[in-house]
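K.L.:
Can you keep this structure in mind? I'll have questions shortly.
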Amino acid sequence: MRPDEEDGTTKSPGSRWTRIWAIIALILLILFLLVLGAAIYFYINYKDSSDVCLSPGCIKTASVILSSMNSSVDPCDDFYEFACGQWIKGHPIPDDAPSVSNFENLGQDLEFALKELLDENDEPYDYETSAVGKAKYFYNLCLNESEILDNWRTTFDEVVKSFGGWPSLGHQMKPDASIEMLYADMVAKFKADSLFKATVQPDDKNSQRHVLLIDQPQLNLFARDFYVAAENEERMAYLQLIRDVLILLDADRTRATLDAKEIIDFETALANITMADEHRHDIAELYTKITLGEMRRSLPHFNWPLFFNRMFKDLHEKNGKRITFDDNTEVVVYGYEFLRRLDVLIPQYDNRLIVNYLEWCWFFKTMLRDLPDPFALTIFKFYKTLNIMNVQKVRWHGCVTRINSLMPMATSAIYVKNHFDHEAKQQVEEMISLIMESFVDLLLSEDWLTKETKQTAKQKVNEMKRKIGYPDYLNDPAAVNNEYKTFKVYPGHYYQTKFSFYEQYQRDVLERITEAVDRERWVAGAALVNAFYSPNTNEIIFPAGILQPVFYSKDFPSSMNFGGIGVVIGHEITHGFDDRGRLYDNLGNIRQWWDNATISKFEHKAQCIEKQYSSYVLDQINMQINGKSTKGENIADNGGLKQAYRAYKKYEKRHSRPPRLPGVNLTHDQLFFLNYAQIWCGTMNDKEAIRKLRTSEHSPGPIRVKGPLSNSYDFAKAYNCEPGSQMNPREKCRVW
């Protein structure tokens with residue numbers, strides 16, 4: 001017997017094949033595990049490479065985001081610094097401005113685009129019939145300093161003569177000089193608003209018709225505070241400016257010094273009888289409708305019938321009948337107490353002083369700011385003292401601003417033709433629908449609103465008219481030409497042309513007194529970086545100029561567009577339900593459509609916002625925010641952010657998820673809030689910061705980020721902020 005037979009382990013041919021198959025199976029298993037490991041490694045490291053957008057637009061967007069952020073900062077500690085830290089370091093304040101911001105940069109980009117369009121002169125200007133031709137000709141007249149220096153005094157002397165002379169310049173006043181007639185002429189021809197504002201606008205209690213309106217004056221310094229506070233640098237610089245300008249106009253030096261002091265004393269007295277803006281939020285309380293007859297009897301020291309009839313003396317109804325007013329004519333007054341105090345103030349000053357004040361204001365607002373040297377140097381010294389600028393702005397900036405203000409639809413026509421992304425209109429339409437839908441959902445879920453109030457509020461949202469980009473007629477040159485057919489150009493004469501434009505612009509406004517309100521009319525041009533809610537027409541307006549980065553871009557993922565223009569849309573919708581907008585119904589009429597219990601609950605919620613913002617300090621100047629004067633805008637910021645985010649989540653469910661941005665390690669929820677914050681990246685010098693806190697109804701940029709985000713549970717969740725952290729306080733405020 002063989003040894004292998006003796007131990008009982010003899011092997012057959014089948015067992016050998018079993019071993020071979022086992023080896024093969026082991027090899028296959030090893031190969032499978034290697035492939036699986038490689039697949040897992042690839043999945044972990046490269047799974048999203050197809051989900052990254054590498055288009056030039058996405059790369060640029062990612063670059064802008066990353067270059068603005070300070071990622072070393074904890075977003076739950078200081079989100080403004082996290083979002084804007086590097087932007088601020090990379091954007092020093094320019095010498096010709098007191099501040100710089102993303103928002104201001106957009107405005108400058110738009111200005112430059114208009115400049116290039118107005119500079120184009122491929123063919124001779126048709127300033128007889130073409131609106132664009134008139135705008136271009138006006139712009140070039142404005143740039144021609146030598147021609148202005150040759151002609152300005154002639155126009156100045158003619159206007160002053162029509163006023164009856166300027167006493168500060170040694171002109172003899174007529175014994176029967178009438179303040180009412182002088183100021184009426186200034187309002188009718190130059191849009192004057194220095195004694196009080198007088199205009200025509202829709203009646204807030206009957207929004208289908210126009211009405212005569214009186215309101216407080218627009219003072220020449222930045223705010224009422226600069227007059228009523230103790231002696232300050234702003235007022236001293238303003239006094240010096242008045243004196244220096246009077247001397248440049250050939251006034252006697254001694255007389256100029258005395259008159260400058262009297263002018264500023266009168267303006268200060270005028271400021272003291274006005275109401276601070278923070279107390280003017282309740283439009284219903286301010287609104288007083290009174291007849292001219294009642295004004296004549298109760299305010300005897302100003303002849304109101306004479307004033308209004310003089311103001312409209314050259315205006316006619318469509319049937320050719322002259323527009324006149326009698327004792328039965330109704331006037332809406334915003335702040336009747338101001339008029340009562342004005343009636344007491346006027347007799348305390350002689351006519352000579354009041355005429356000097358009115359003519360100074362006329363010159364300051366209509367001529368001084370676009371006269372070349374030596375006047376330009378004088379007003380520059382004033383601005384430099386106030387730290388508004390350290391070098392003079394290049395002249396074209398002011399020229400673009402003036403023509404865009406006087407002929408907004410002409411400049412808008414060329415702007416949208418060359419710079420508007422027409423796809424944006426359709427996309428923004430969808431965003432508005434979603435945001436309105438989200439706001440209605442929010443309204444219906446609020447337990448502090450009664451059922452009746454919810455239904456009326458829902459109706460107001462659903463009937464809110466939307467205007468996006470520009471009015472369609474801007475595509476029709478003939479229609480634009482027709483709008484400005486009465487605007488007359490005087491070749492070679494800048495101020496004569498400017499004043500004729502002023503008068504025609506104002507004529508168009510005043511003639512509406514006999515017409516029904518046209519709800520299709522745009523209240524602003526399209527070449528504008530801004531957005532609006534109009535309460536007496538219940539409409540939201542988004543001009544073409546704001547539909548650009550950082551607010552909107554077709555290269556942005558949807559998260560960023562909702563965090564940008566989406567929040568702006570939500571902000572404007574919320575204005576219809578803030579402390580002012582809530583007073584108007586769906587038709588744009590002031591009436592009480594909330595019951596008293598609901599009003600009380602609203603005011604309690606709004607008070608929380610006011611108290612919260614009043615506790616904030618702008619660290620740069622260690623000065624508290626005025627939570628009362630900024631309350632309406634703060635309510636809109638908070639509500640707009642919440643609505644836009646909810647709308648974005650709706651959008652996300654209905655559309656495919658956008659690809660990621662290259663190199664940006666943030667979720668789309670995080671990008672939503674980041675883009676909102678980066679809109680407000682900016683910096684300003686200390687004096688500008690003080691002016692903004694005293695004059696603006698908006699909180700400064702850092703607070704517009706901190707306030708709404710610290711009230712947002714959605715933000716805290718997106719950035720995993722612990723309760724009690726700086727950006728996720730346990731106590732939060734919200735109205736909507």
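Heads up, the Cβ atoms here are built off N, Cα and C, so glycines get one too.
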K.L.:
Record says His571, His575 bind Zn(2+). Source is Swiss-Prot. Which of Glu515, Glu520, Glu633 does it list for that same site?
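P.N.:
It is Glu633, as the record lists it for that site.
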K.L.:
Between Cys681, Cys721, Cys733, which residue forms the disulfide that Swiss-Prot gives for Cys608?
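P.N.:
So the cysteine paired with Cys608 in Swiss-Prot is Cys733.
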K.L.:
Just confirming the record: what cysteine out of Cys142, Cys681 does Swiss-Prot connect to Cys399 via a disulfide?
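P.N.:
Among Cys142, Cys681, the cysteine that Swiss-Prot links to Cys399 by a disulfide bond is Cys142.
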K.L.:
For the feature coiled coil as recorded in Swiss-Prot, pick the matching range from 103-123, 187-207, 712-732.
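P.N.:
The range carrying the coiled coil annotation in Swiss-Prot is 103-123.
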K.L.:
Recorded positions Cys58, Cys84, Cys399, Glu572, Cys681: which have a Cα within 10 Å of Asp637 (active site, proton donor)?
P.N.:
Glu572
K.L.:
Name the one residue among Cys84, Glu572, Cys681, Cys721, Cys733 whose Cα is closest in three-dimensional space to that of Cys399 (disulfide bond); these are the recorded positions.
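P.N.:
Of all the candidates listed, Cys681 is nearest in space.
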K.L.:
Fewest neighbouring Cβ atoms within 10 Å: which of the disulfide-bonded residues Cys76, Cys84, Cys733?
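P.N.:
Across Cys76, Cys84, Cys733, these disulfide-bonded residues, the one with fewest Cβ atoms within 10 Å is Cys76.
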K.L.:
Using a 10 Å cut-off on Cβ-Cβ distances across all protein chains shown, tell me which of the disulfide-bonded residues (Cys53, Cys142, Cys608, Cys681, Cys721) has the largest neighbour count.
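P.N.:
By the 10 Å Cβ neighbour count, Cys681 comes out on top.
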K.L.:
Cα-Cα, whole number of Å: Cys142 (disulfide bond) versus Cys733 (disulfide bond)?
P.N.:
50
K.L.:
Of Glu572, Asp637, which of the active-site residues has the most Cβ neighbours inside 10 Å?
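P.N.:
Output for this query is Asp637.
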K.L.:
By the DSSP assignment reduced to helix, strand and coil, which category contains Cys733 (disulfide bond)?
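P.N.:
Assignment for Cys733 (disulfide bond) reads coil.
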K.L.:
Pick from Cys58, Cys399: which of these disulfide-bonded residues has the biggest number of other Cβ atoms within 10 Å of its Cβ?
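P.N.:
Comparing the disulfide-bonded residues Cys58, Cys399, the most crowded Cβ belongs to Cys399.
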K.L.:
I'm trying to understand the geometry here, so how far is the Cα atom of Cys53 (disulfide bond) from the Cα atom of Cys84 (disulfide bond), in Å to the nearest whole number?
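P.N.:
Per the Cα atoms, Cys53 (disulfide bond) and Cys84 (disulfide bond) stand 24 Å apart.
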